[in-house]
Structure formats: C-alpha cells, structure tokens
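Peer 1: In case it helps, Swiss-Prot gives these features for our protein:
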type: ACT_SITE; residues: Glu188; note: active site, proton acceptor
type: ACT_SITE; residues: Lys230; note: active site, schiff-base intermediate with dihydroxyacetone-P
type: BINDING; residues: Arg56, Lys147; note: substrate binding site
Amino acid sequence: MTHQFPSLSPEQKKELSDIAQRIVAPGKGILAADESTGTMGKRFQNINVENIEENRRCFRDILFSTDASIANCVGGIIFFHETLYQKSSNGKLFPQVVKEKGIVVGIKVDKGTAPLMGTDKETTTQGLDGLSERCAQYKKDGCDFAKWRCVLKISDGCPFALAIAENANVLARYASICQMNGLVPIVEPEILPDGDHDLQRCQYATEKVLAAVYKALSDHHVYLEGTLLKPNMVTPGHSCPKKFTPQEVAMATVTALRRTVPASVPGICFLSGGQSEEEASIHLNAINQVPLHRPWKLTFSYGRALQASALAAWQGKDANKAATQQVFVTRAKINGLASKGEYKPSGSADQASQQSLYTASYVY
C-alpha cells in the first residue's frame with residue numbers, strides 16, 4: 001500500500017536525480033574543500049602559513065579559479081560555510097566562479113562529533129537542530145548538494161551496534177531533511193583506518209555499517225536516486241603488518257558494496273582516508289577494473305588526496321599560483337581517469353604525491 005503522507009513530488013525527485021547525475025557524470029568526481037578552520041590551520045602549519053581568513057580565501061581562490069578544463073574531471077565541490085560567502089580576487093562570489101565552469105556547488109552541514117556514552121570512545125554527529133532552515137538558506141545561496149560525515153572505528157567490539165544504529169539513523173534524518181529542501185545528500189559513514197585490523201575485518205565492518213545505513217534510509221523514505229554515498233574504501237588498518245595489493249583492496253571494496261548498496265544509488269564517491277595521493281588514485285583505478293558488475297559510478301570525493309601536492313607547491317606565495325594550479329589539475333585529471341579505470345601509473349610519481357596523509361582519529 002502506498003502511503004498518503006507528504007512526500008517528494010515527481011518534479012522534486014527529477015531535480016534531485018539530475019543534480020546527482022551531473023556530479024558523477026563519467027570521468028568526474030568531487031573536490032572536498034570543506035575543511036574546517038582548525039583543519040586548515042593544521043595544513044597551513046606544515047607549510048609555515050598563518051591560518052587567517054585571507055590565506056584560506058587565497059588558497060581556495062587558486063583552486064576554484066583554475067581554468068575551465070577542471071570541469072572535465074570535477075563535477076562538484078564541497079564548500080565550508082566561510083568559503084561559500086567569500087569572493088575571488090576579481091570580486092565574484094566563489095559559488096558563482098564554480099558554477100560558471102559547470103561545477104555543482106555543495107556545502108558541509110554537520111556540526112562535528114559528540115561522544116556516545118557507554119561505548120569505547122565512539123561518536124555520533126551533531127547538527128540536526130535547525131538543519132532544515134540552514135538547508136533552505138544554502139539552496140537560496142546557490143548550493144545543490146550537502147555533505148554530512150559520521151565516524152565509526154574498528155577495535156575490540158567496535159563498531160558497537162549502538163554506534164552503527166545511531167549513526168545510520170542520523171544520516172537518514174539528515175538525508176531526508178536535505179531532500180525536502182532540494183539538496184542532494186551525500187551520505188558519509190566513514191570507518192576510520194586507525195588500528196591494526198586486516199582487510200577482511202574492515203570488509204565485515206563496512207558491510208554491517210552500510211547495511212544499517214540503507215535500512216535507515218529506507219525507513220526514512222529517502223529517495224535513493226537523489227543521493228550519493230561517500231564511504232571508505234575497504235583497506236587494512238594503518239598499523240596492519242600485512243600489506244594487500246590494490247587488486248585485493250578493490251575486490252574487497254566492490255564485494256562489500258555489491259552486498260549492501262542498492263543499484264538505484266547513482267554514484268559512490270570514495271573518501272581518501274589518509275592514503276597518499278598516488279595510492280588513492282591507484283586504488284580507485286583498481287576498483288573500476290574489478291571484473292564484477294558495478295551498477296553505480298565509482299569515483300572520488302577527495303580533500304587531502306587532491307590538495308596535498310597543491311599546498312606544497314603554493315607555500316603561501318602568490319608567485320606560485322600557476323604552479324599550484326598545474327599540480328592540482330594534474331592530480332584531478334589522474335583521478336578522472338581512475339574513475340573510469342583508465343589511469344596508467346608511470347611509476348615516476350613525485351615524492352609529495354606518495355607521502356602518506358594519514359592522521360590518527362582524523363577530525364575534518
């Protein structure tokens with residue numbers, strides 16, 4: 001029996017579906033430029049740049065003002081609240097700069113994590129209060145999609161059933177609110193790479209978490225064709241003594257997704273989870289070469305793995321703008337190829353792109 005309660009109209013569904021498909025068009029992924037002020041401070045510290053608003057604006061201006069060819073491999077950019085209202089050097093609001101290239105504008109809407117009592121330092125994510133009003137305003141201000149990150153971890157007994165259920169429910173509630181306000185929700189249940197667990201343990205946890213997430217999305221009547229998933233790849237823990245090949249990581253990842261993610265989801269945009277730039281690209285490429293049916297687009301939603309070499313090239317100096325943009329475009333193009341399984345590593349990746357970007361208990 002169909003329910004007679006308020007739900008999305010056919011027009012709303014079509015708009016959401018069209019937005020999601022634009023973001024993950026063939027060869028395209030997402031630039032996650034939604035790092036908080038504190039996280040940007042840590043990045044700037046590494047290159048001895050002061051964490052002030054003008055420097056943050058300056059770096060993001062360099063990324064966003066890259067020539068229009070960037071739109072061939074970047075379909076969407078996730079903004080931080082501050083960035084949404086900043087302007088480029090020539091006086092245009094950043095969302096306008098990005099939209100003129102044909103790139104979809106997104107916004108991070110969660111308010112960070114809070115501890116779950118009675119668990120082993122597990123968390124839920126805050127920010128549901130007032131979310132509908134914020135989403136309505138963001139839609140008016142040019143956003144067409146949103147992102148919300150939940151964090152889970154693998155250790156003895158973790159993730160707890162409570163943490164899985166709570167985070168799945170929070171993600172579903174967020175997704176429902178976004179869709180009612182015309183925003184495509186990116187659903188991000190990240191399992192942190194902290195720990196010494198092996199590939200199989202991560203695959204098992206990933207399957208349990210994703211199964212719970214899609215059950216919750218169904219319970220909340222979320223329109224799956226108008227959503228995107230941003231999961232972790234299935235990788236061994238950062239301290240795992242055993243090494244696994246990109247093909248093993250890819251097979252475990254695709255197997256977990258095939259068991260849990262409905263085919264109606266248009267795209268799965270992986271987070272990089274502290275992998276080096278090159279590693280994140282190689283793994284994405286291998287995932288798109290797995291000899292199994294993959295009904296969704298499998299692409300990237302990278303922050304560190306798209307920006308690390310660019311930051312190193314910039315060093316806070318205006319004179320380095322062209323070099324920074326060149327490094328950024330090169331990395332974005334590599335990931336665009338990887339999202340089609342067409343990246344052929346030359347074996348001569350520079351040192352910056354091979355450096356691990358791992359941070360324990362990573363806070364975005």
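Here the Cβ of each residue, glycine as well, is placed from N, Cα and C on the backbone.
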Peer 1: Of all the recorded positions here, Arg56, Lys147, Lys230, which one's CB has the most other CB atoms within 10 A?
Peer 2: Lys147
Peer 1: In which DSSP state, out of helix, strand and coil, do we find Lys230 (active site, schiff-base intermediate with dihydroxyacetone-P)?
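Peer 2: DSSP call for Lys230 (active site, schiff-base intermediate with dihydroxyacetone-P): coil, neither helix nor strand.
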Peer 1: The residue listed as 'active site, proton acceptor': which of the recorded positions Arg56, Lys147, Lys230 is the nearest Cα neighbour?
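Peer 2: That would be Lys230, nearest by Cα distance.
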Peer 1: Tally every other Cβ atom lying within 10 Å of the Cβ atom of Glu188 (active site, proton acceptor).
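Peer 2: The answer is 26 other Cβ atoms.
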Peer 1: Can you tell me the CA-to-CA distance separating Lys147 (substrate binding site) and Lys230 (active site, schiff-base intermediate with dihydroxyacetone-P), as a whole number of Å?
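Peer 2: Counting only the Cα atoms, the answer is 9 Å.
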